[in-house]
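S.K.: The structure's right below; bear with me while I get my questions together.
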Amino acid sequence: MTSEKYLTLNNGLKMPLIGVGTWQASDEEIETAIDAALQVGYRHIDTAPVYGNEPAIGRVLKRWLDAGKVKREELFIVTKLPPILNRPHEVLPTFKKSLADLQLDYVDLYLIHTPFTLNINEDGSFKIDAEGLMEVDPTTDHAAIWLEMEKLVAQGLAKSIGVSNFSKDQVARLLKNCKIRPANNQIEHHVYLQQRELVDFCKAENVAVTAYSPLGSKGIAAFNAGAGIVRDLPDLMDVPEVKEIAAAHGKSPAQVLLRWILDNGLCAIPKSTNAARLKQNLDVFDFKLSEAEVAKLQALDKNIRVCDFAFFHGVERHPEFTFKNQYTN
């Protein structure tokens, strides 16, 4: 089943409603997963330099394109400007590195990954201050970065540009300081973190919203543990209301969670490296939730953020850091 459902961006381009997320997957895993994803019909692939898998994704894309199994214009490829290279003069060289790794002539959407900036050493490791915290660069200037992002569009290197993890105020500020309006804000969004005020604002401003971690993110627990953070994270697949609606439709809890996001007018980029689950996550276009079911899931909002960036301990001191985590309370 091919993903034939799209969301039209404010520049007229069509973005497939369901994409495949690729964070926390090894090269071998991601090559197999992207191959399987393309096979079952995915055309929207989301990556970023910090995921470390652009070269692996590029190898798969090249194989498919060279073999004529897919046309470039059928793909929707998204990558991002990383938090460690979030300065105006770094935009073009960072983008060109992504383009080379992906073995593409352009990307469909380029995002500012985070509204904050972290400093690194020459060897690429994070700079740590005397208190043992990550060192931030407090001079982040979204308007200046955006000016360089706009040049990528002018040069035909990026079809669309947008942001990720931006708050309502940060998006509003950017809208007042741009020639090209952001096409997209990619944020954490699921039944337990609905961010309705931000979503409603973006929709009103014709900024499409993409939900990352739409099924929660079990992988974050391991990532947190690596940074010495122990947190109990909810299993969204086990929420009684989700399971009840899934049973009523003969669908899985994951499919219901994704359908709820689509029924709210958003895109979603669930991550999986399992071929069966990849297929299942895309198979959400043959049913719709009733208004009562949508309302029942909306009532689950608990403002629980899975990806709260606590693993970047110290980033909470950045003036553009707006999330709440254990270090901000």
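Quick reminder: no glycine exception, Cβ is built from N, Cα and C everywhere.
This is the feature table in TrEMBL:
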type	residues	note
ACT_SITE	Y51	active site, proton donor
BINDING	H113	substrate binding site
DOMAIN	18-301	domain 'NADP-dependent oxidoreductase'
SITE	K80	site 'Lowers pKa of active site Tyr'
S.K.: Can you give me the Cα-Cα distance between the residue listed as 'active site, proton donor' and K80 (site 'Lowers pKa of active site Tyr') in Å, rounded to a whole number?
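M.R.: With distance taken Cα to Cα, K80 (site 'Lowers pKa of active site Tyr') is 10 Å from the residue listed as 'active site, proton donor'.
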S.K.: C-alpha of K80 (site 'Lowers pKa of active site Tyr') to C-alpha of H113 (substrate binding site): distance in Å?
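M.R.: H113 (substrate binding site) has its Cα 5 Å from the Cα of K80 (site 'Lowers pKa of active site Tyr').
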S.K.: Please identify, from the recorded positions K80, H113, the residue with the sparsest Cβ neighbourhood, meaning fewest other Cβ atoms within 10 angstroms.
M.R.: H113
S.K.: Tell me, roughly as an integer, the mean pLDDT over the domain 'NADP-dependent oxidoreductase' (18-301).
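M.R.: Mean pLDDT for the domain 'NADP-dependent oxidoreductase' (18-301): 95.
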S.K.: By a simple count, how many Cβ atoms lie within 10 Å of the Cβ of the residue listed as 'active site, proton donor', its own Cβ left out?
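M.R.: Taking all protein chains shown, the residue listed as 'active site, proton donor' has 20 Cβ neighbours within 10 Å.
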